[in-house]
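Single-structure report; data block below.
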Amino acid sequence: MQPFRSDRILGFAALGFLIVGCFLVLRPFLSAVLWAAILATTVWPVFHWVDQRLPGWRNTSALLTTLATALVLVAPFIVVAVGLGSNVAELAAATRTLLEGGLPDAPQWLQDIPFVGERLHAYWQGFAHNGQRLVAELGQLVEPAKGLVLNGSRAIGMGVFHLMLSVLIVFFLFRDGEAVTAHLTAVLERLAGARGRRLLHLAHGTVGGVVYGIIGTALAQGVLAGIGFAVAGVPGALLLGLATFFLSAVPVGPPLIWGPAAFWLFQQGELGWAIFVAAWGFFVVSTVDNVLKPLIISRGASLPFILVLLGVLGGVLAFGFIGVFLGPTLLAVGYRLMTEWTAGLAEGMPRE
């Protein structure tokens, strides 16, 4: 009996070392693997449609769907780059005018801000019509700006690498998706019994709900924001609408676009249009995010509205942007386990 127990202990220890070793090997690529799984889950209906029309050509179907997915991921960045390129001349001219002539006179309302208004007004006025002092002040920010640019370049480079790796993994998930799902289902059924398949289905529905909620909400916010900017006469309304679309995935992202736009209109003396843009952004654009996204996610996840909201916000704080997907998914699985467990306890309680 003792050798048998020793063999089992050694076997479990070897299995533990193997699991830890595999995790350490895959750890640098976990983000890419998770993104690939999310993309494959979301685009699977498209792949299934293509595969049905190309019977016997599964590799070709997977390749075509992967290329289409990559194009959809890259196309928005191309559009933004083209939009920025078309506005480079205007931005350069505005920057040159600012550096040569300095800031305009400080607005009067700045002085009326309680406690700090007079200091802010005096500080601003020191740079008014004084380009040399403004250039000297900005020169002190060159070194910190270099560090930010370097770190940003590294982050962008790693992001591009993980994106390319995710697209590569997506191809294999499309090609071997049924086999991967079967193995994953078998593992979950071995660990959780009959509820393993239900939990996998729940996770799939949650991820799909999150993706459709984010994309649908971002599209609605981008279109509505672009309409508001165009009506108010804000330059580059299309580009700002695209920026709103991208930032919609980040909590409190759209106000970073419509807030400065409203402030710019105010600086131009367009008080009415500034109020319109601020009201449009707060009551229309932001309301879409606060209502539509959790509503769509809660339907796909079968999760209460408040848990979806906490899952999205808490997931971002805990895991970064990918936490938008992980947070609601983990809460949905935990919520389902809790409800089944409490239902089992209720059935086992004696009736009076």
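Quick reminder: no glycine exception, Cβ is built from N, Cα and C everywhere.
It should be emphasised that the depicted structure is a prediction, and the values quoted were computed from it without experimental measurement.
Over in TrEMBL, the protein carries these features:
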| type | residues | note |
| --- | --- | --- |
| TRANSMEM | 9-26 | transmembrane segment |
| TRANSMEM | 32-50 | transmembrane segment |
| TRANSMEM | 62-84 | transmembrane segment |
| TRANSMEM | 155-174 | transmembrane segment |
| TRANSMEM | 199-220 | transmembrane segment |
| TRANSMEM | 262-285 | transmembrane segment |
| TRANSMEM | 305-333 | transmembrane segment |
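The transmembrane segment (199-220) makes contact with the transmembrane segment (305-333): 3 or more of their CB pairs lie within 8 A, with pairs spaced 6 or more apart in sequence. Proximity of distant same-chain residues to the transmembrane segment (32-50), defined by a Cβ-Cβ separation under 8 Å and at least 6 residues beyond the stretch ends, is recorded for 26, 61-62, 64-65, 68-69, 162-163, 165-167, 169-170, 173-174, 177, 204, 207-208, 211-212, 322, 325-326.
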